[in-house]
Amino acid sequence: MASETETFAFQAEINQLLSLIINTFYSNKEIFLRELISNSSDALDKIRFESLTDKSKLDAQPELFIHIVPDKASNTLSIIDSGVGMTKSDLVNNLGTIARSGTKEFMEALAAGADVSMIGQFGVGFYSAYLVAERVVVTTKHNDDEQYVWESQAGGSFTVTRDTSGEQLGRGTKITLYLKDDQLEYLEERRLKDLVKKHSEFISYPISLWTEKTTEKEISDDEDEEEKKDAEEGKVEDVDEEKEEKEKKKKKIKEVSHEWNVMNKQKPIWLRKPEEITKEEYAAFYKSLTNDWEEHLAVKHFSVEGQLEFKAILFVPKRAPFDLFDTRKKQNNIKLYVRRVFIMDNCEELIPEWLSFVKGIVDSEDLPLNISREMLQQNKILKVIRKNLVKKCVELFFEIAENKEDYNKFYEAFSKNLKLGIHEDSTNRTKIAELLRYHSTKSGDELTSLKDYVTRMKEGQSEIYYITGESKKAVENSPFLEKLKKKGYEVLYMVDAIDEYAVGQLKEFEGKKLVSATKEGLKLDESEDEKKRQEELKEKFEGLCKVIKEVLGDKVEKVVVSDRVVDSPCCLVTGEYGWTANMERIMKAQALRDSSMAGYMSSKKTMEINPENSIMDELRKRADADKNDKSVKDLVMLLFETALLTSGFSLEDPNTFGTRIHRMLKLGLSIDEDESAEADADMPPLEDDAGESKMEEVD
């Protein structure tokens with residue numbers, strides 16, 4: 001009896017993706033097979049993992065396999081696996097009604113000219129079936145549900161039916177592709193064998209092709225007569241007696257038989273010696289492991305022997321995946337095998353988060369086969385393996401660094417990871433620090449390492465100077481650099497948000513302290529004459545410092561005469577152990593931040609004034625003449641707010657700041673306030689009735 005068929009609509013994004021796949025011309029449609037085999041392999045991994053703790057999970061189908069069946073009579077290609085299978089809700093959700101996080105990103109990538117072969121990286125590889133098929137039928141059986149059939153011609157909807165009459169799978173999934181008329185090449189044995197060799201040779205389950213075998217068999221005429229007896233029956237023939245007496249002649253007939261032909265007979269690549277493996281073989285293995293369409297950037301193949309034995313191959317990709325730092329997604333990076341048996345992927349205990357971009361496999365001789373995720377967390381063997389993997393990864397990065405061009409590519413993609421490593425990995429911190437690269441006041445367009453910086457340090461220089469900020473452009477003309485540049489000191493530009501965290505942990509390099517140009521405590525060597533002049537200026541400007549402090553109140557902790565600013569009138573520095581302006585900006589941008597922390601970490605600002613600046617000198621004269629002069633207060637507020645901006649802070653009230661600038665423009669243009677009073681009706685006055693500067697209210 002036919003079961004009831006339910007119809008579902010594809011989720012909008014998936015529908016959009018399908019229409020892109022069907023209606024756009026792609027030259028490399030062949031990748032569909034790689035994607036479907038990869039999905040089968042994942043399903044087999046899942047059932048194998050489940051069976052480690054419960055052997056009965058394999059009862060319905062003890063063999064783990066992938067079968068490929070081309071059928072020229074019906075123009076269909078089927079890919080069958082004995083994996084975990086799907087329940088009805090899996091079918092509905094995974095194949096149509098719930099879009100993966102990667103669906104939108106993949107479409108954006110396609111629109112930007114990316115290759116369709118990227119599809120697997122975005123978790124939507126199944127839909128590549130529609131590159132070659134006009135109709136797709138998925139029959140599946142999960143241990144916890146009945147057998148179901150999913151079917152769609154990608155016209156906006158799909159159907160799901162309980163399968164009571166079809167061939168029963170026992171467990172697993174069969175995907176049948178009804179090929180388009182111009183895609184019948186994928187029924188050819190040669191083409192399918194080539195594709196498996198090219199893309200899926202290193203899948204760890206046997207991939208068998210249903211092949212047609214034609215053999216020639218010799219039979220005598222006698223046997224032939226026997227075989228034809230039925231056909232001949234009822235016919236009247238004249239038998240030539242002479243012929244009958246002649247020697248029976250032999251004749252050949254063609255016999256057609258079918259058999260399974262295993263296409264991936266390679267032994268695991270990691271068991272072979274590195275020197276015997278070609279670059280192409282590593283590339284093929286990397287692609288089958290990661291679904292990447294590009295080759296890897298670098299590879300490390302090694303084995304550890306002694307008290308502990310394991311083999312590993314680690315790869316560094318050429319690009320960072322689109323969701324590298326997506327904390328909701330478990331990165332599927334290192335596959336764990338125990339004595340050639342696959343145990344699990346995304347084994348978080350094998351590699352720290354900062355190395356989450358490294359792909360590869362680890363095959364251990366010592367772990368128990370039935371190890372669970374819970375046991376992994378406590379496992380001492382795993383901790384030793386992890387330590388070795390981290391060490392080998394760092395070695396690999398140094399190998400990449402030997403080629404400047406390769407390292408620039410690597411650094412562009414994964415510098416954030418290295419900086420996260422500085423923050424998280426205290427054991428390897430000093431080693432990772434050697435891999436960091438920054439622009440600096442002397443490096444031009446090139447990046448420089450800390451090691452190179454140290455070799456260029458001036459005689460007598462004992463500290464490494466750096467400045468943090470939003471971008472290279474934002475910091476290269478910062479007032480904080482004026483004195484350092486004038487004295488010929490090199491300053492590193494740390495303009496990545498994560499630099500703030502990294503430099504907080506990396507307090508020194510090769511015995512040289514890292515000092516921020518934007519914080520208190522910047523001490524530059526001065527001659528006796530310079531020191532004497534500085535003392536005189538401090539005395540001369542002491543009165544102005546007090547006036548500024550009175551005007552600004554608790555907006556600043558103190559006001560001092562600067563020895564770091566050369567051209568700008570003033571700047572705002574932060575405490576040595578508090579947040580920099582850049583860090584404050586980063587923390588404000590975090591939606592889920594703990595605002596209580598901001599109170600004590602965003603340290604009080606110190607205003608440093610430049611006594612050599614003509615604006616400051618004029619301000620000093622006015623303040624000395626009359627400290628209650630309203631223009632002094634207005635100018636102090638304007639200087640403070642401008643210093644907030646040039647020092648990298650944000651304004652609490654940009655509108656009042658704007659109003660103040662407009663007033664200054666009017667003064668400069670000699671526009672009478674009364675004439676423009678009507679136009680300015682909605683502007684706050686600079687002075688209120690009490691004679692207090694409105695500007696003071698800006699915080």
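Heads up, the Cβ atoms here are built off N, Cα and C, so glycines get one too.
Since we're looking at a predicted model, the values are computed, not measured.
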Region 'Disordered' per Swiss-Prot: which of the ranges 154-179, 596-621, 674-699 is that? 674-699
Ten-angstrom check, please: count other Cβ atoms within 10 Å of the Cβ of Phe126 (ATP binding site), all chains counted. 21
Counting every protein chain shown, other Cβ atoms within 10 Å of the Cβ of Asn39 (ATP binding site) number 21
DSSP output for Asp81 (ATP binding site) maps to strand
